[in-house]
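K.L.:
The structure follows.
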C-alpha cells in the first residue's frame, strides 16, 4: 500500500507537468521546426472547422463537410458545440466561450425521445459540461454564488447524468449500452455491453458527486469498475464484451484497444483524481497481465482472455493512447518505444488506419480509414511534457501536414475513408475539435494555462470555505475534457446543507469578486493564457431549455447484434475470416 501511495504522489507531480524549466536538448529549433508557426496553423484549423460547423451544421450534432450540412449522431445535443467549448478557452477565445455557454443553456434539452449511447453521452456531454463549468470563471463568466459547487452548466451535467443512471439498474451493476432519454432502458435492449462502456464513468461521475454532494454517481461508477475486476479471467485479463445481466463474457478477446481501452485509462485517471490506492492497484495488476500476454516487441496484440493465445495480431488506431497512459505511471522508456512503433505506421500512411496487420505491415481489409482520431497525438503531448524529445514535435508537424493535405475541404475537415487512396467520407466527428485539435495545440503551446506547474492559482470562497483552483494537474477525460482535481475538494458539505450556508454568506459577505492570488511565472505565457477573468465578464443566465429536434433511431457505441463472432468493436463485428 505504501508503494501505491508513493506512486500516486509521483503521478500528481507528473500530471502537474513540472517540467517547463527543463532544457529542451537538441530541441525543435535545432531541427528547424517552427513551433509557434505550427501552433497558429492548428488554431486556423480549429476555426476553419468550427466556423463551418456553426454556419452549416448547428444545431445538429456534427458537420457533414462534403455536403456542407449537419446531422444528429449521438443524440441531439449540438454535440460539436459542447465538445469544442473548452477548446475555445485553451485557444484563448473567452468571448466565444461566454457566448456558447449562453447558447447551450437556452438550446439543449435532455427530455427528448432519443436512444443515446450511455458511454458517448457521458464522455462527450457530461464531461464537456463539467469541464466548461469548472473553467467558467477563468473564461470570464460571472459565476453564481456557490460556484464551483453550483452553476447552470453543472446542473445541465447532472441532468444528463441522471438520465444515464437508469442504465446501471442491472443485477451486476454494469450498465446497458443504450438508454432512451425520455423512457429509460428499452424493454428489448441488448444486455451485451463493451468493457469500455462499463468502465468509463469514474472521472465524470466522481466529479459530479463531489461537486453536487450526491454520492450516487460515484457509487454506480465504482460498482461497475469492481464488477469488471471481479469477472477478470484467471490470468488477469478482461474480454471485449460482457452480458451485464449474467456477467458472462460474450466476446473473449483481450487487448488494450477498441472496446476495452478507456477502462484501463480510467483506472489510472480515477486513481489520480481521487487519490485512490485500490484503483491504481487494479490497473497495476492488469498491466502485469497485459505485458505478460499481449506485448510482443513493443506492440500489443489481441489474445484469448482465458488462455493468452494470440487471436488477432493487429494494431488498432485506438490503442495509440497507451504510451500516454504509460507516461502517467512513469513508464516513459516503454512508452517511447511503443510510440515509435506507432509513429512508423503514421509515416507509412500519413495517418493511422483503424486496423494494421503487424506481421504483414499493412492495413486490414475494410479497416483502412482514419477518422482524424487523436490518440497518437495525445500520447505525443504527454510524452513531450515528460521528455522534451523533439521527435514528438515532429509527429505533431506530420499530423498537421497530413490532415491539412488529405482531409481539408471547403466546409471543414472530412474523415479519411481510405488512407491508401485518400478517399474521404462525409463526416467530421466532434472529437476532432474536442481532442485532435486540442492535443495538437497543447503540444505546440508549452506555456498554455493547462500546463500550469502550480505557480499560478486562484483562491475561491465557496459556501464551505476557501479552495484553490486552476493550479494545474488537469486530468483529461477520454474525450480530452480537462477536469481540475482541486475542485473536488471545494464542496465537502452534504448537499442539503448547501443553500442554508449560501444564504448566510449572501447576507454577511459580498462574494461577487472572490479573492484571487496569482504568483506570476518567470516565463512568458502563450495565447492560451489569455483566458483571464475580464472585468466585463458576461453573466451565466438560466432560461428554459428548448430543442425541437427529435430522433428515434438508435446509434450504439456497442453493437446490438448477437455475439457468436470472434470480436466485436465499436459496433462492428469481425468474423473469423476477417
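Cβ coordinates are placed from backbone N, Cα and C, and glycine is handled just like the others.
Since the structure is predicted, the reported quantities are computational estimates derived from the model, not experimental observations.
This is the feature table in TrEMBL:
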- 120: active site, proton donor (ACT_SITE)
- 261: active site (ACT_SITE)
- 354: active site, proton donor (ACT_SITE)
- 375: active site (ACT_SITE)
- 478: Ca(2+) binding site (BINDING)
- 526-546: compositional bias 'Basic and acidic residues' (COMPBIAS)
- 520-559: region 'Disordered' (REGION)
- 1-23: signal peptide (SIGNAL)
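Help me picture where these features are in the structure shown.
P.N.:
For residue 120 (active site, proton donor), other Cβ atoms within 10 Å of its Cβ number 23.
Note: residue 261 (active site) has non-local neighbours 196, 318, 319, 321, 478, i.e. same-chain residues 6+ apart with C-beta under 8 A of its own C-beta.
Of all Cβ atoms in the shown protein chains, 25 besides its own fall within 10 Å of the Cβ of residue 354 (active site, proton donor).
For residue 375 (active site), the number of other Cβ atoms no farther than 10 Å from its own Cβ, over all displayed protein chains, is 24.
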K.L.:
Can you give me the Cα-Cα distance between residue 375 (active site) and residue 354 (active site, proton donor) in Å, rounded to a whole number?
P.N.:
12
K.L.:
So for residue 478 (Ca(2+) binding site), how many other CB atoms are inside 10 Å of its CB?
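P.N.:
For residue 478 (Ca(2+) binding site), the 10 Å Cβ neighbour count is 25.
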K.L.:
Determine, to the nearest whole angstrom, how far the Cα atom of residue 354 (active site, proton donor) is from the Cα atom of residue 120 (active site, proton donor).
P.N.:
19
